[in-house]
Amino acid sequence: MDQLYMRRCLQLAANGRQNAKPNPMVGAVIVAADGRIIGEGYHVRCGEGHAEVNAFASVRPEDEVLLSEATIYVSLEPCSHYGKTPPCADLIIRKGVRRCVVGCVDPFAAVQGRGIQKLRDAGIEVTVGVLEEECRELNRRFITFNEKRRPYIILKWAQTANGFLDDNGKACAISTPFTKTLVHKLRAENDAILVGRITNEREQPRLDVRHWAGKAPRRIVIDRRQPAFEGLDFSKPVIPQLLEWLHKEKCQSLIVEGGARTLQSFIDADAWDEIRVETAPFCVSGGTAAPKLPTNVHLVSHKVYDHNTIATFHRQ
Ligand code: AOF
Ligand code: ZN
């Protein structure tokens, strides 16, 4: 049963996709001893109440008496710190529920297990790790940013059926109107986007989100001819410096959109979390070869849109 209620938490959490950022998406469900859901909530918007606050607020006055025997399910560990809002762990203790089921630990430096400890110290039974993988997956940007102190990195390219990025050096139309829309959706979901200087000059990509609602990611162009760029030292490996700078700038995720050399340098540096390859059904006689997929990839989805396919890989 724990999994069932946690799945509901995940469903609720996903409602925060547009507005919770830079906070994680979190859902909470309060279940009475008889299995009835008496409260539900999710983190709607950064700066506003957390999932637990909204879940308790939704409990009807006549159900309040059930709280002492109830279980609260939360997809992320309840916070223990004063941020923009007071600690959820304190709220849970005050409400006097019997048990708390947590999807995954909050890697945020101010929390990191302290919320769970607070609850246990108060005598609440705590179970950690129900649907853990899915809970971490939902907030993979937030989690990678906090655990690895760098943004979640998505490498993305579009290729012909025989693995070329262009038609003998000339741009060729690979994406379809529909997959272009998906690219704009992807951009709206991420904080920064990077292209190499050559791609930037040759294709003058707009890198905007005009076919989707939301904010365009911050645009970054690597130009080795301008060594002064944000203090980057081109005599040393650039990627670690760039990632450190993005972390400082609070960018939780980065899309790398090309060209081939830039993409390959991220693969060679093992600096990636997700790879998204769009493939058109036609061949060209030659051109710029697509990057070589690393060997430790794990296919998570393969979809057909119009006449193209989009394959998404995570790390193994
Ligand atoms: C929870 N429940 O629903 C969320 C949590 O500035 P604040 O007060 O909004 O705190 C933000 C941090 O709280 C965020 O970095 C993450 O660690 C945690 N998010 N915690 O108990 C929630 N969204
Ligand atoms: Zn909280």
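Yeah, the Cβs are placed from backbone N, Cα and C, and that goes for glycine too.
What TrEMBL says about this protein:
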ACT_SITE  E52  active site, proton donor
BINDING   H50, C79, C88  Zn(2+) binding site
BINDING   A158, T199, G259, A260, R261, T262, L263, Q264, S265  NADP(+) binding site
BINDING   R187, L207, R210, E257  substrate binding site
DOMAIN    1-127  domain 'CMP/dCMP-type deaminase'
Legend entry - Spatial separation of G259 (NADP(+) binding site) from R210 (substrate binding site) - C-alpha basis, Å: 22
Inset, instruction - Sort R210 (substrate binding site) into helix, strand or coil using the DSSP assignment. - result: coil
Legend entry - Mean predicted confidence [pLDDT] for the domain 'CMP/dCMP-type deaminase' (1-127): 97
Legend entry - Contacting binding-site residues for ligand 2, chosen from H50, C79, C88, G259 when the Cβ sits under 6 angstroms of any of its atoms: H50, C79, C88
Legend entry - binding-site residues near ligand 1 among H50, C79, C88, L207, E257 (Cβ under 6 Å): H50, C79, C88
Legend entry - Integer Å distance between the CA atoms belonging to C88 (Zn(2+) binding site) and S265 (NADP(+) binding site): 42
Inset, instruction - Using the recorded substrate site (R187, L207, R210, E257) as reference, state which further residues of the same chain have their Cβ within 8 Å of the centre of those residues' Cβ atoms, listed in sequence order. - result: V183, H184, I193, P205, R206, D208, V209, A216, P217
Legend entry - Most crowded position, judged by CB atoms within 10 A, among E52, E257 as recorded positions: E52
Inset, instruction - Using a 10 Å cut-off, grab the number of neighbouring Cβ atoms around the Cβ of C88 (Zn(2+) binding site), all chains included. - result: 31
Inset, instruction - Could you name the residues, excluding H50, C79, C88, of the same chain that surround the Zn(2+) site, i.e. Cβ within 8 Å of the Cβ centre of those residues, in sequence order? - result: V26, A51, E52, V53, P78, T85, P87, A89, L91, G115
